[in-house]
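Working notes, structure below.
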Amino acid sequence: MGDLPTSQQALKVASSGRVILETGHPLPELGADEVLVRVACVALNPYDAKSVDMSPSPGATAGLDFAGEIVALGEAVNSSTRLAVGKRVCGFVFGNNPDRRDNGAFAEYVAVPASLVLCIPDSMTFLEAATLPCGLATTGTALYNSHNLGLPLLRPGSEVNSSNKSSTYVLVYGGGTATATIIIQVLRRSGFIPITTSSPHNFNRLQQLGAEATFDYHSPTCGSDLRDYTHNRLAFAIDCISSTDSMQICYEAIGTAGGRYVSLDPFPLNKHTRRSIRPVWLFSFTIFGSAIKWDTPYNFPARPDDRESAERWYAEIEAILATGELVTHPFQEETGGLSSVIDGIGAVRNGQITGYKLVYPIRNCAY
């Protein structure tokens, strides 16, 4: 690491709802099982605003999603064709981390476990790659982790028994979100049949991604329409909106026999109206295997099994990425680097960004 700078710029959490750009901060300490990445681009997610609003860690580096190139390897990471200095990668990190305030995506350098970083295929730019990591981490956790839907991780090309077709439907509520863009494609590749909800202007795009059917969530009969379409046998729902209304529609859609409901945020307990449904909300930061020490309800004990599950999932999704077939969510490239990310966080907080992600080049993102 002798050729690297001794300090960097980083967006630091200052107080509740406030991040500031600071200079002169040391690069993150590199763990033995980690790689150090020079950040090329970062992308914004709802939790970039939500986390600093609800559980700020003053002095911590903010940011979850990045793309860049490896500049150093931890002492326990074997240099290989896959992970070597100069390799283009993208990843998801635990920004605003009270236990590791020197590390987050919104900086010039970021450290990430070697087993939880994804190689970027030659056909994909840094800009495109930066839109993926949080959605990919959430997808694997939601669909295949035993704490959540617990679906079997089927290989691409797996055949679904047509006589049991209705039991393989999975409802993806909130099809217009970035996470749903990924989930729908992965479900289809895994042999399941995704159906989704959105505004009508998204219907064509979602069907091109692999959704078998799309439903207008504005319709007062949306829940019953979903149940009818799946012959009263829908057993799996993942809620990418996680509101009172979305939970109610998901519960209406799930068949009489019940099933599993996964929310991406804490769900309203008064909407858990059916004992036959097992509700759970996931927090993707558990994939790192360490305790999450944010304020309640965002505090979680360490889950080493989530780390193991995520590592298996990352190996699978990297192989899918390598095919060049995974479609990214629509995005808008912004200018101004890290300093402009502050305004972007405000726009996300205020609900001004819908249907696309904001991506910020930190340096040259042309390749």
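Backbone N, Cα and C define each Cβ position, glycine as well.
Taken from Swiss-Prot as is:
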BINDING   Y47, D48, A49, K50, S199, P200, H201, N202, Y217, L264, D265, I353, T354  NADP(+) binding site
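Known features from Swiss-Prot, placed on the structure.
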{"residue": "Y47", "record": "NADP(+) binding site", "DSSP (3 states)": "helix"}
{"residue": "S199", "record": "NADP(+) binding site", "DSSP (3 states)": "coil"}
{"residue": "Y217", "record": "NADP(+) binding site", "DSSP (3 states)": "coil"}
{"residue": "D265", "record": "NADP(+) binding site", "DSSP (3 states)": "coil"}
{"residue": "T354", "record": "NADP(+) binding site", "DSSP (3 states)": "coil"}
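Sequence-distant neighbours of A49 (NADP(+) binding site) (same chain, six or more apart, CB under 8 Å from its CB) are I345, G346, V348, R349, listed in sequence order.
Sequence-distant neighbours of Y217 (NADP(+) binding site) (same chain, six or more apart, CB under 8 Å from its CB) are Y173, T197, S198, S199, D245, S246, I249, listed in sequence order. Cβ neighbour counts within 10 Å, taken over all protein chains shown, single out S199 as the most crowded of the binding-site residues S199, T354. Long-range C-beta contacts of D265 (NADP(+) binding site), restricted to its own chain and to partners at least six residues apart, with a cutoff below 8 Å, comprise S242, W281. Every protein chain shown contributes to the tally, and the Cβ of Y47 (NADP(+) binding site) ends up with 23 other Cβ atoms within 10 Å. Around H201 (NADP(+) binding site), taking its Cβ as the centre, 9 other Cβ atoms fall within 10 Å, counting all chains.
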